[in-house]
Amino acid sequence: MTAYLKLDHIGKTFTRGSASTEVLRDIRLTIDKGEYVSIIGHSGCGKSTLLNLVAGLTEVSQGAVLLENQEVNAPGPDRAVVFQNHSLLPWLTVYENVNLAVSKVFSGRKTRAERHDWIMENLTLVQMAHARDKRPSEISGGMKQRVGIARALAMEPKILLLDEPFGALDALTRAHLQDQMMEIHARLGNTIIMITHDVDEAVLLSDRIVMMTNGPTATIGEVLDVPLERPRNRIALASDRTYLRCREAVLKFLYERHRFVEAAE
Amino acid sequence: MSLPATKSDVVVAGPFKPRSAAIVPLAAQPRRFDPRGLAIKVAQSVLPPLVVIAILLGLWQAAFSGPDSSLPPPSEVWAQSRDLIVEPFFVHGSQDIGLGWRVLVSLERVAYGFGLAAIVGVLIGALIGQSVWAMRGLDPIFQVLRTVPPLAWLPLSLAAFLDSRPSAIFVIFITSIWPVIINTAVGIRNIPQDYRNVALVLRLNHVEYFFKIMVPAAAPYIFSGLKIGVGLSWLAIVAAEMLTGGVGIGFFIWDAWNSSRLTDIIVALVYIGLVGFMLDKLVSFLGALVTRGTSSN
Ligand SMILES: Nc1ncnc2c1ncn2[C@@H]1O[C@H](COP(=O)(O)OP(=O)(O)OP(=O)(O)O)[C@@H](O)[C@H]1O
Ligand SMILES: [Mg+2]
């Protein structure tokens, strides 16, 4: 069986004028359908860049991104992104923000009534149906992030790309959203790539954790399997041997083998 | 006061004994109608200007009451031009009509000229804002053209259109379009990359991108351009009408000057000022209405 998503020897070099920086080199990764993969690494190593390459928002310099054996090099709704800072359109209500995506992606495929039901279904999935007529400025950060997730899910993407989706949230809200994300993943079986800074979050949510080396010219240092049964419960896992072993492996990678070095250039 | 507390399903693990976290929603402050507060508010904003106007009128009256003063005092303005003040919409003949009608005629020209400037300005601004090089190349030119006074365009305009009506409209157009173009272009340049990315992921086409992302995202900038533009077009209409004739308020001033009706000119000035003020407020109001969500974020 061939991989669902394949990152085939990807490299990325940014050039401005005569100066060029190689940010990523020789990224090789295959992801199966329904897998939940986290990418973890120190700030500035190129995680967002890697996600943007998969999303098609940035062009690859070397190699190729293959989705179901098709090369993708332009952005599209089959690879929906939840951005680092929610990026809801502030002049639209919660409902309209999701509707923007739904009416574009499903125009011609769903009737108006079906689209409405689909929007409400996705808002209900992230428990935001009650705030459908609020504007982004009127809801909290966690709620905005949930609407962002609903908008991405509503595109029915082949791959859901999450760039530190819970990074800007307080610990309580974050835990709540992580649980919701696990539920959604269990129910819909999406294929998900999530960037995170948070070791616990990575272990709790993922099937595999991709650990990136430090930049400049970062690459994949190690890929860790997380052989934990689903559904997972954060309280029960807190003292689970496998959980603790995975957690330790990631911590060792990040803080012993690839410690963050300031101003590497 | 007791507040309803909703239990959340999140458990906090703390150094002390675990407790379930409770989210306490703040009760919305009930808004009651308060006639006394409202009256005080109105008085606070209306009284000071009224007092200042009364004092200024008094000073004016005192300064120009002498027998050989060059300008009429307020009492004389009232005595000679009362019909213009109290009755804006009289019609006594084709050339003898109330100032309200004249203002409407001028406003119609402004509507054409400024409306055109708004549409063309936003479109050109949107095109320019998308390209760094267009911005770099055209911005200095616009900055120079922007400073050309309205009347300086008039001779060229008359030569091109050979008729006073389109000339006046063209002068309004060409005077008010620059701030609209420049502000729109800056607004488009400032659209956050995030919004562009959303559009890219959704594969919005150019038309969808223009209406769904560009215009609303740049709306605060566009409206500040429109606000400057509408002020300029009101400046331009009065100047243009003084030279091109017709029944507008600008020509009325010129006509009154030629027949030495100084008091009529003073009344017309007040009309022009008030209408200009209202135009400005109207555009601000529309801007506030349209950019409700955007600017508060
Ligand atoms: N458009 C660009 N042009 C030049 N360099 C860039 C560009 N985008 C990113 N970089 C560089 O690439 C490197 C990686 O950036 P990236 O945003 O991917 O990091 P990150 O891992 O997502 O960091 P964080 O965890 O802080 O979000 C940085 O050194 C950055 O300066
Ligand atoms: Mg990042």
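For all residues, glycine too, the Cβ spot is worked out from N, Cα and C.
These features come from TrEMBL:
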type	residues	note
TRANSMEM	B:46-64	transmembrane segment
DOMAIN	B:103-287	domain 'ABC transmembrane type-1'
TRANSMEM	B:110-129	transmembrane segment
TRANSMEM	B:141-162	transmembrane segment
TRANSMEM	B:168-188	transmembrane segment
TRANSMEM	B:209-226	transmembrane segment
TRANSMEM	B:232-254	transmembrane segment
TRANSMEM	B:266-290	transmembrane segment
Intrachain neighbours beyond the transmembrane segment (B:168-188), with Cβ under 8 angstroms and 6 or more residues off its ends: 109-110, 112-114, 116-118, 120-122, 124-126, 128-130, 135, 139, 142-143, 145-146, 150-151, 153-154, 157, 160-161, 214, 217-222, 224-226, 228-230, 232-233, 235-237, 239-241, 244, 246, 248
Contact between the transmembrane segment (B:266-290) and the transmembrane segment (B:209-226) (3 or more Cβ pairs under 8 Å, separation 6+): yes
Tertiary contacts of the transmembrane segment (B:46-64), as residues 6+ beyond its ends and Cβ separation under 8 Å: 70-75
Intrachain residues whose Cβ lies under 8 Å of the transmembrane segment (B:209-226), provided they are six or more past its termini: 118, 121-122, 125-126, 129, 179-184, 186-188, 190-192, 195-196, 198-199, 283-284, 286-287, 290-291, 294-295
Distal contacts, the transmembrane segment (B:232-254) - CB-CB under 8 A, six or more residues away: 95, 97, 99, 101-103, 105-106, 109-110, 113-114, 117, 150-151, 154, 158, 164-165, 167-168, 171-172, 175-176, 179, 264-265, 268-269, 271-272, 275-276, 279
